[in-house]
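Features reported for this protein in TrEMBL:
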- 15-37: transmembrane segment (TRANSMEM)
- 33-271: domain 'Rhodopsin' (DOMAIN)
- 49-67: transmembrane segment (TRANSMEM)
- 87-112: transmembrane segment (TRANSMEM)
- 124-144: transmembrane segment (TRANSMEM)
- 171-195: transmembrane segment (TRANSMEM)
- 207-230: transmembrane segment (TRANSMEM)
- 242-262: transmembrane segment (TRANSMEM)
Amino acid sequence: MAPFITERAAFLARVHFGVTIPLLALALIPFCARIYVRIWPVWRLGWDDVFIIAGLACSIIDWGLLVQEMHVHSGYTTIEEVREAVFFAYFAIPVWAISMTLIKTSIVLTLLRLPLKKSWRVCLYVIGAVQITYCFADMPYLFFKCRPFHAAWDIMAPDRNLKCPKLHTDILVSSIGSAINITTDLLLSVAPMFILWNLRRPLRERVVICILTGMGLFASGASIMKAVVIADWTNVDDQWEMAMAIATWTVLEQFISLFAACSPSLKGPIQALLEKCGFNLTRQDTNVSFVHIPSRMRENHLRREAREWLGEENSQSPRQGPSELIAVVDEESQQSKISSSLVLPPVPGQKTLIPQFLLRRQKDGV
């Protein structure tokens, strides 16, 4: 008997397109903003950007593979169409695992760009290692669980039920994978909030940054919903309808994770828009942000940021800055003199401007 697509399954297919396509377009906005600020005006593309580009490509491929099982109209379908849909949907599973691993690895590498404490760096390395390990461990099970191998994705294979693990085994493996993904989603969504909250920035600006980085919590919600649907697989009569729901939550998880990974790049445009509306997030220069982490790495990072902020070229006038952070240093005598004026006169070839607190650290022998 030919399989029948119920009205409910067709409705879920239409919902799938109506939700995932706009979400993909929305996720491309912060993605493009992120790539733009990394390549213009200075090329600063890193490995985290390479991983997020690959993650976007895998997410779109996964979405395309799941489209094959979407029937927006109810009615009978052929067994060949079902066979093809199952084939593409099965190979969408490893693509999803690779996509999520690439996106989360990108988030880890992005956070590792910050001058963090050793404990934070160790935690990030552990999260990345767990996600990568799960991805590599899941592949052998997916492709070698059946004899012959093609019985895993070919519903027409003879004695398929006798040559593959029981359905309960598949659900158990999927539940373990869901638990790992939900845990890493939560950790990578909450960790940036704690890390970036230590920025010496105004409260309103820190709230905006935490909201942007916290978008990953919605990806965790999608992962939880998908795990609940899969756990109920054996208790439903219309498995085609169940497959539509799983596909939708799978794609939502990927696109939301992609949006969350790139959302901090929207901070600048959002701030500019709010300033045009008369709402200023900060009253100080937005080019400098400091993390309260006393380390040699932090000191070097702050010194570099300060030089960029104040103007490193001898032919250019220094920028204005608060008097309590500025000191004039005579490079020849290595003696510092505190400047009390807001606008410091440049002395080409002799004077360099650096933050005063760094001078104090050097004087203390740090």
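Residue positions begin at 1 at the first shown residue.
Just so you know, glycine gets a Cβ as well, placed from its N, Cα and C.
A TrEMBL annotation is a machine prediction, not a hand-curated record.
As the structure is a computational prediction, the values presented were derived from the model and not from experiment.
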Same-chain residues at least 6 beyond the ends of the transmembrane segment (207-230) whose Cβ lies under 8 Å from its Cβ atoms: 107, 171, 174-175, 178-179, 181-182, 185-186, 188-190, 192-193, 196-197, 199, 201, 242, 245-246, 249-250, 252-253, 256-257, 259-261, 263-264, 266-267, 270-271, 281
Distant-in-sequence neighbours of the transmembrane segment (171-195), which means Cβ under 8 A and at least six residues beyond its ends: 97, 100, 104, 107-108, 111, 114, 116, 120, 123-124, 127, 130-131, 134, 138, 141, 210, 213-217, 219-220, 223-224, 226-227, 230-231, 233-234, 253, 257, 260, 264, 291
PLDDT averaged over every residue in the domain 'Rhodopsin' (33-271): 88
